[in-house]
Amino acid sequence: MKMPKAIGLVHFIGIGGIGMSGIAEVLHNLGHRVQGSDQADSANVQRLRDKGIEVFVGHTADNLGDAEVVVVSTAIKKNNPELIAAREKHLPIVRRAEMLAELMRFRNAIAIGGTHGKTTTTSMVATLLEAGNLDPTVINGGIINAYGTNARMGEGEWMVVEADESDGTFLKLPADVAVITNIDPEHLDHYGNFDAVRAAFRQFVENVPFYGFGVMCLDHPEVQALVGRIEDRKVITYGENPQADVRFSNVRIDGTRSIFDVEIRRRRTGKIFSFKDLVLPMPGRHNVSNATAAIAVANRLGISEADIKKGLASFAGVKRRFTLTGEANGVQVFDDYGHHPVEIKAVLAAAREACKGRIIAVHQPHRYSRLSSLFDDFAHCFNDADTILLAPVYAAGEDPIEGASSEALVSAIKAAGHRDARFLEKREDLASQVAAIANPGDFVVLLGAGNITQWAAALPSELKSISGKSE
């Protein structure tokens, strides 16, 4: 039985979250009555209001109104007054992943999983399916620049979703195609140990039906090891590895574009198809790898080489994924969500390939627990930056942990051999410090999952003010 239309008013607690907002938008577009609440106004909240969805700011029991279903994410605490009121009324409480799973039952579904690269890969798959006239429905974990939103309602039979592994609920998603970009030891607060993370990703792929398939990155050692353990399901491998079914090669970086070739090998027939000089308007091998995953999916769904090339060339990117926020005096400023050492290393490597000048990295560590558990990795992930400015930790509600501070990380980075790592004590000092060291042709890359995105948006105009120039 699929979810009926007559389920009554659906209330989202925390509707402004990136995952919740996309589900709410698609439900609304399907004709359901939707409302919600969030603790603060935001761009996501305003976007939902613009679409006719009522959103309350603040959490009170009265916000429920005549709601008949309540949707919550794992971020909502048990003492939330709306959640308490919903339980007192004996309303159905639906977890975010469960509601996403219900939406997926209306379509053939592609779920993109992995510790890093999910949002970009989801966007790329959606772009290629759209280029192939499959008109997909999309629910992503980031704002797709071409849509101006993280959700899209299509008329086609396919849905593309980002599968969030952080709390294990991605195993509820009924995917026909499961993509794994990589597997790293993240979210151990939920899983307990890395073996449990490995087991979850194995289940993610083995959950696909017999007529579905997995798409797995052979360049990542954990994913490669998992490929050999998958039983009774079709798997397509991709990557730079010569053994991959869909292999990219001949990567050339041209400014902020990547140009590369892809070779597709059919295991059953041995046939080989070659796509030459694919153009992706993003730098970096990690983005080429993500694009290759999308190509593997699109090719298997019958999308032509011409449409794949057209779709890739038109890809407009994702908000906060190496996003240019402005330029001041020849210095370009970029905003990126990277907050894990693997992500930071990949972004800075891409910047190094694209930049003719120097790289100035500004990082705001996100959560004391992450900095503490990955401290050594953080100390070695900034090598492609010429200068590093480390802001205080964005706590995200956590208490400090001894030894897990930005000052300690600066010392560790220097001890690892980096020549120029500095502590940025106050946000107000950012523009003056950058202005003192940046020259025309340099890139300033701001990285983090906290409020550093606001710094990135403001920095170009602040740099212009310091130089006395304005446009």
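Every residue gets a Cβ built from N, Cα and C, even glycine.
Residues or ranges marked as ATP binding site by Swiss-Prot on the basis of sequence analysis: GLY114, THR115, HIS116, GLY117, LYS118, THR119, THR120.
Around the Cβ of HIS116 (ATP binding site), the number of neighbouring Cβ atoms within 10 Å comes to 20. Within the same chain, residues at least 6 positions away in sequence whose Cβ sits under 8 Å from that of LYS118 (ATP binding site) are ILE112, GLY141, GLU162, ALA163, ASP164, THR181.
Sorting the binding-site residues THR115, THR119, THR120 by the number of other Cβ atoms within 10 Å puts THR120 first. For GLY114 (ATP binding site), the number of other Cβ atoms no farther than 10 Å from its own Cβ, over all displayed protein chains, is 24.
Around GLY117 (ATP binding site), the same-chain residues at least 6 positions away in sequence with a Cβ under 8 Å from its Cβ are THR181, ASN182, HIS286, SER289, ASN290. For the ATP site, the Cβ centre of GLY114, THR115, HIS116, GLY117, LYS118, THR119, THR120 serves as reference, and the other residues of the chain with Cβ at most 8 Å from it are ILE112, THR121, THR181, ASN182, ASN290.
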